[in-house]
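These notes concern the structure reproduced below.
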Amino acid sequence: MKPVLAVNMKTYSSAFGEGARRLARDAARVAREVDVRVILVAPLINASSLAGVYGDVYIQHADPVDLGAHTGYTPVEAAAAEGLRGVMVNHSEHKVTYRHLQAVVSKARSLGLEVLACADTPEEAAAAALLRPSMVALEPPELIGTGIPVSQAKPEVITRGVEAVARVAPGVAVLAGAGITAGEDARRAVELGAQGVLVASAVMKAKDPHGKMLELAEAMAKP
């Protein structure tokens, strides 16, 4: 598979309005310029409109509820109906139970959607991988948003996570996240066995988001 650059837009100011549309156009450019898959993990409120600009969009969360009377919840079917590629679930800023994760993965698979399941530890990554999501993102929460890259500060977390997932679910890709800021951080993550990276502030707070995504993508691209 191609290396993956997943950008969690979170709720930064640049995740909405014209900034979000510009980011989607930038992601499309990078995906054309480099042989790397770029995924935008967007807020629910504008995910479908961004998917009209760039086709590889996930939502940041989904709930294990069916369509119907569930005010304020996001059924997985909503992502399918809006033409999105997939859903992210269990980010450290929005943790869910294992039963919740299991239900979302099962429903998404039945609808042909991808799932990026987040995990804080190698052990949690392996448990998530048992459910057969498309990808698992391993992010030590204490490094998220710090600019201290997991690939440099805690490389053993990546190697242990990759090994743990491979033992239980060899087909599930592992992304490394937390503190990934520069191209060198992304390159090192791939060298440690990850299939890509999950980033947020490095891109969302960058003065030049296109340039930052290009830097990260080029660092992971296979020669």
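Heads up, the Cβ atoms here are built off N, Cα and C, so glycines get one too.
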Residue among Gly161, Gly179, Gly183 sharing the substrate site, where Swiss-Prot lists Asn8, Met9, Lys10, Ile144, Ala200, Ser201 as binders: Gly179
Substrate site span - longest C-alpha distance across Asn8, Met9, Lys10, Ile144, Gly179, Ala200, Ser201, in Å: 15
Residue pair Lys10 (substrate binding site), His91 (active site, electrophile) - Cα distance, angstrom, rounded: 10
Glu139 (active site, proton acceptor) and Ser201 (substrate binding site), Cα-Cα, nearest whole angstrom: 14
